[in-house]
Amino acid sequence: MLPSLALLLLTTWTARALEVPTDGNAGLLAEPQIAMFCGKLNMHMNVQNGKWEPDPSGTKTCIGSKEGILQYCQEVYPELQITNVVEANQPVTIQNWCKRSRKQCKTHPHFVIPYRCLVGEFVSDALLVPDKCKFLHQERMDVCETHLHWHTVAKETCSEKSTNLHDYGMLLPCGIDKFRGVEFVCCPLAEESDNIDSADAEEDDSDVWWGGADTDYADGSEDKVVEVAEEEEVADVEEEEADDDEDVEDGDEVEEEAEEPYEEATEKTTSIATTTTTTTESVEEVVREVCSEQAETGPCRSMISRWYFDVTEGKCAPFFYGGCGGNRNNFDTEEYCMAVCGSVMSQNLLKTSGEPVSQGPVKLPTTAASTPDAVDKYLETPGDENEHAHFQKAKERLEAKHRERMSQVMREWEEAERQAKNLPKADKKAVIQHFQEKVESLEQEAANERQQLVETHMARVEAMLNDRRRLALENYITALQAVPPRPRHVFNMLKKYVRAEQKDRQHTLKHFEHVRMVDPKKAAQIRSQVMTHLRVIYERMNQSLSLLYNVPAVAEEIQDEVDELLQKEQNYSDDVLANMISEPRISYGNDALMPSLTETKTTVELLPVNGEFSLDDLQPWHPFGVDSVPANTENEVEPVDARPAADRGLTTRPGSGLTNIKTEEISEVKMDAEFRHDSGYEVHHQKLVFFAEDVGSNKGAIIGLMVGGVVIATVIVITLVMLKKKQYTSIHHGVVEVDAAVTPEERHLSKMQQNGYENPTYKFFEQMQN
């Protein structure tokens, strides 16, 4: 009896030890997730190797319902007990998306917000609480809302406490992707600004992909071209902003009331994120901090050769920059890297050791080592609505300081030449060389300061555009979620959001045009990033517009006005793009006799021919008409079936497409070629992207097919005629060659046989044999 009981207990203990834990993620390398991008096959995370893989059946694309998403999770992870799904907090970059019925998958990435497949019993996320941050939570047992609702609650709660939302997670599930509470971590603004590179990496990308230590401007005339170009660009942007503000004055007063507290709450963060130095640190400390950072490739996957300062070796070393993100320890050349970091590190060693340290062969003064009175006053002033005026004053102060210093050097040079009249010839040459190097140093220093000024100004303008777009998107989504929604208010919010996106696109295009005029080589380096940025704007506008059609009543009432707004924006964008690329010109300094590019038949390509992007990626369209929207009784913004109407057997209203790029314009610049992301983009699902065939492209394809068909038919007819003619000519009726040695009788007999004569004797014997 006792041995049997012991054996039973041992068997039970062994079975429990081998039992799979209730937490299905235990022992898995990655969390079960799925990602969707309309027009492409769904992707799912391989929990064994941590890589994204396409749909195993090769047929499943984006799913419009939460029930369908849960079912799909259960299909791709049959060995796991999937009980619920929840939208992820942050977007991810996924490559190698596949299309239906195509074996080859494209390698360029898409940025999507995946869905997490929850395994077993629901367990809340373990949130990390940094120093000086607070952990909070809210639960309401009478409310059952989506992930987006609770994210908004957490963000507003942190804003009321003058803090930023650091991280959050859902609590108490009550349905598929619906919950009764949220847990979150709020951090002070200063703490968030210290971690801004990691928390808002995509937002920083917008300041990086055209910035950085781009070009060593040693020519003063070229610097002036850059400054004039940037002045005109920013002036145009500010004029458009003023016009847009007038256009939206007819909107609801709620919009203005919501905008004021947002600007007050984010003013401090914006100023911290966009300035290249701070008011509490000296210039040397900032440069020392920059040069002490590790080389960072960034999230993008380009292979750009750059240099960074290695503190351990005390010299600059090469590395590959991805094209976006990263940090400021990133220089174009080794000389520029040593000019910035070498002198500062040498001064640091001099302070710590008390012994003089050689500055090395580089004699160029740097922006960091220059007198900070001219530039720092602008850099230390937070950006505001008067940014352009502050930039003009800073530039004037910089030029005045440069002229004064150059005048002082010239006076010293003249005095030295007078004193060197009686010196040997070698000493005179040494004096001249000394002052020539000093003048070159001042010119290089002024060029670096101008470049720093322009980069800071561009970053601030970009930050203002980002903030306005983010605010417009949040107000637009809030208006859609109102109960009941007000169509006029929704349209005004949508109008402001579309204008914000268009200003961002125009700002990007104008900046690239100025760079192309001043430095074509630099333009060639950043053109793929510019194209990626434009594609992201198109996709984001498509997704945001698709949210409108989840509220059919509102969409139907304002459909005509939305179509008119989009058509107006399309015409304006086409004009801007046509003016930009119709006759590109390259600046050659003071040479005013250079022929135009149309005369020399020179073309400047915006993107490489063998790039990764196609024309289809740049053709956003109005997703579908109001009459094709499925009924949505609950006023919630959820993902829907985002396929084009033609693929779903539905009608689409004409003239409702978003801004497209004309095929005639595309033929002039080859546009078949990485992602800036901000917090305003995380509130909607990236999978809602729509594709449609371009009408102009279809016409060209039809004409090409017709011409090809005619050519093929002609070739077939000619071939048949020649074959038939060959058959007719194969029968030979020529003269039979006769031996010349035969007798005249035999020759006569041969002629008779040719005319049909038959020998009676032969004929007789043939009849007898038959």
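A Cβ is built for glycine as well, from the same backbone N, Cα and C atoms used for every other residue.
Cross-referencing Tyr115, Tyr168 against the Cu(2+) 1 binding annotation in Swiss-Prot, which names His147, His151, picks out Tyr168. According to Swiss-Prot, the feature region 'Heparin-binding' maps to residues 491-522, out of the candidate ranges 491-522, 619-650, 651-682. Cross-referencing 469-486, 523-540, 577-594 with Swiss-Prot places the feature region 'Collagen-binding' at 523-540.
The average pLDDT computed over the domain 'BPTI/Kunitz inhibitor' (291-341) stands at 79. Classification of Thr743 (phosphothreonine) by DSSP places it in coil, neither helical nor stranded. In the three-state DSSP scheme, Tyr336 (sulfotyrosine) is classed as helix.
For Tyr497 (phosphotyrosine), the nearest neighbour among the modified residues Tyr336, Ser441, Thr743, judged by Cα separation, is Tyr336. When each of the modified residues Tyr336, Tyr497 is scored by how many other Cβ atoms sit within 10 Å of its Cβ, Tyr336 comes out lowest. Residue environment of Tyr757 (phosphotyrosine) contains 11 other Cβ atoms, counted within 10 Å of its Cβ in all protein chains. DSSP assignment over the domain 'BPTI/Kunitz inhibitor' (291-341) gives 9 helix, 15 strand, 27 coil. The number of other CB atoms found within 10 A of the CB of Thr743 (phosphothreonine), across every protein chain shown, is 8.
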